[in-house]
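Contents: one structure, followed by commentary.
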Amino acid sequence: MLKINQLHKSYPIGDSSLHVLKGIDLEVKEAEMVAIMGSSGSGKSTLLNIIGMLDEADSGDYILDGLLIKDLTEKKAAVYRNKFLGFIFQSFNLINYKNALENVALPLYYQGMKRKERQEKAMFHLEKVGLADWAQHLPKELSGGQNQRVAIARALAANPKLLLADEPTGALDTKTSYEIMAFIQQLNDEGKTILMVTHEEDIANMCKRIVRLRDGVIMEDKKVEQVRAEQYV
Amino acid sequence: MFDLDLWREIFQSINMNRTRSLLSGFTVAFAILLFTILFGIANGLQNTFAEAFIDDATNSIFINSGKTTKAHKGLQAGRRIKFKNEDFDYVKEEFGNKVEFITARLYRNVQASYRNEQNGYNLRAVHPDHQFLEKTKIKEGRYINQNDVKNRTKVVVIGRLVEEDLFLKTTALGKYINLSGIQYKVVGIFTDDGGDNEERLIYMPISTAQHIYGNNDYIDQINLTYNPEMNYDQALSFGNLITRKMKDRFSVAKSDQRAIRVRNMAEGTKAVSQMTFGLSVIILVIGFGTLMAGIVGVSNIMIFIVKERTKEIGIRKALGASPRSIVSIILIESILITAIAGYVGLLLGVGVLELVGPSLKTYFIKDPGVSNSLVVGATLTLIIAGAIAGYLPAKKASKIKPIVALRND
């Protein structure tokens, strides 16, 4: 599904530059559920952003679904993001003046889908996250957990190959976090490949594999026994 | 291609961000409103000015006769010079190629009456060209024509106020008016921008008047306009040429200031046209200034809007929006708001001018108004300025990495 070879990335800071990723090798297979862990500054978010084509690596190869992602034009990157990737952010990143249904339908709009079809599909995904009754509500009228579920529905709407989550539970309380995790696990059970950045051990342990980063290199990469989130809900 | 979805996105964005939309709309509307009002008032000032100085044709020359003050060629001083039809024909023949319109004038005072109403008026007996020299506007009927002059018909054209005085509320056209005992048919009623006095006049064919008042062919004055393509210097020398020729014709000394008097409007026109030019410059500066202020306002708002929407742009990009769709959504929204607001400002401005315009006459502002093409042009300028001011930051925003945009809180 995803293969990364000797990935380097540095950010300029004043005159010097900060070497954030120092040669990352990573392979993720289909239907895996991987947690990327590390303290802040370890480069975990940068890695996720590069995988998500939100940022570009300085050197190294990144192959997604057999496609070399390199020197993309903005237009092409937009098409790939839309086609391959679904994003879940810590701060939800919903568009505040659009209601839940419209937010979920937005990636489909960028796919060029017809309005009616778009709304049906968006509704289907909202039902899936249990928010069908809240379709017409604006983000500010929903709770954090509900907003994150809308975001998940949006990430799923375009039927991406890979789901990327950046601290998806970072802004939620424990109970809601577990609810969201239960939901993400369910998606993984259905065969979605999921890559998630987190710094919480309990959340990481709900994945199937943990990759630990420190100072821009992979310290540890191990399979774990998945802790099911349902039991806490 | 008309993209309904794109427009839905735009209308939603406008509708859901009302403060932002209203604010930017207000700036544009206000700029256009100010522009219209200031420009309108300046135009009003110019109208007053134009009316005060250039009621009659500005390229007029008046030729009058008087008594000689100096003996010349064996003729005594104190001789009265009197123009006749042949002198009129002479001027017409001699300077024909340089003359635009020409008319003779004969002045009389008449007692005019219709039924029980009567009043004294100035009568001017003229040629048909007089209408253009005096810029007389026919309200009803017609002016004196060549046939009238040829056949000495007993017809008159009366001013609007003469009609009001004598015919009260009824129309004078086709009725007979009594001038000092003789009946004349009213064939036309005119108006004139020159004020009330100009509208208390009665015009009659020159030949009719000559026949009735003395049965001679005297005329009091010859009026003409020169070819408007002549420049100031040419006009002056043309006036001097007429003076010289006429003095020769009547054997008047060159230094005699009284016998032949030629009044050339070109002499005054220069000062007037310079002042009009000055006014136009002031108007232009005012208009340009307001427009600049508007452009700066719109630009500021556009930059602010793009800044405010950076995060939204990041989200859209992460979801697969192409840079082009980002630019177009921001740009079309701004153009739409500017266009609508500009139109509102235009309507308001024109409305205000219409409403308070008439009451401003006391302050030397007459018929304040702006030409449609001008305000539309101003609005278009603002729209284009808004589009450019929005395009640059929108283009930049569409290029920033989504991750940077997303981090922007």
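Cβ atoms here come from the backbone N, Cα and C positions, even for glycine.
Bear in mind that the values here come from a model prediction, so they are computed numbers and not experimental data.
The domain 'MacB-like periplasmic core' annotation in TrEMBL covers B:21-235. Sequence annotations record features per position, and here TrEMBL assigns domain 'ABC3 transporter permease C-terminal' to B:285-402. Look at TrEMBL and you will find B:21-42, B:277-305, B:326-353, B:373-392 tagged as transmembrane segment.
With respect to Cβ pairs under 8 Å, the transmembrane segment (B:277-305) is most closely packed against B:21-42, considering the stretches B:21-42, B:326-353, B:373-392. Residues 28, 31-32, 35-36, 39, 287, 291, 294-295, 298-299, 302-303, 305-306, 327, 330-331, 334-335, 337-339, 342-343, 345-346, 349-350 of the same chain sit 6 or more residues outside the transmembrane segment (B:373-392) yet have a Cβ under 8 Å from a Cβ within it. The domain 'ABC3 transporter permease C-terminal' (B:285-402): residue composition by secondary structure is 102 helix, 0 strand, 16 coil, according to DSSP.
Here the domain 'ABC3 transporter permease C-terminal' (B:285-402) returns a mean pLDDT of 82 for the predicted model.
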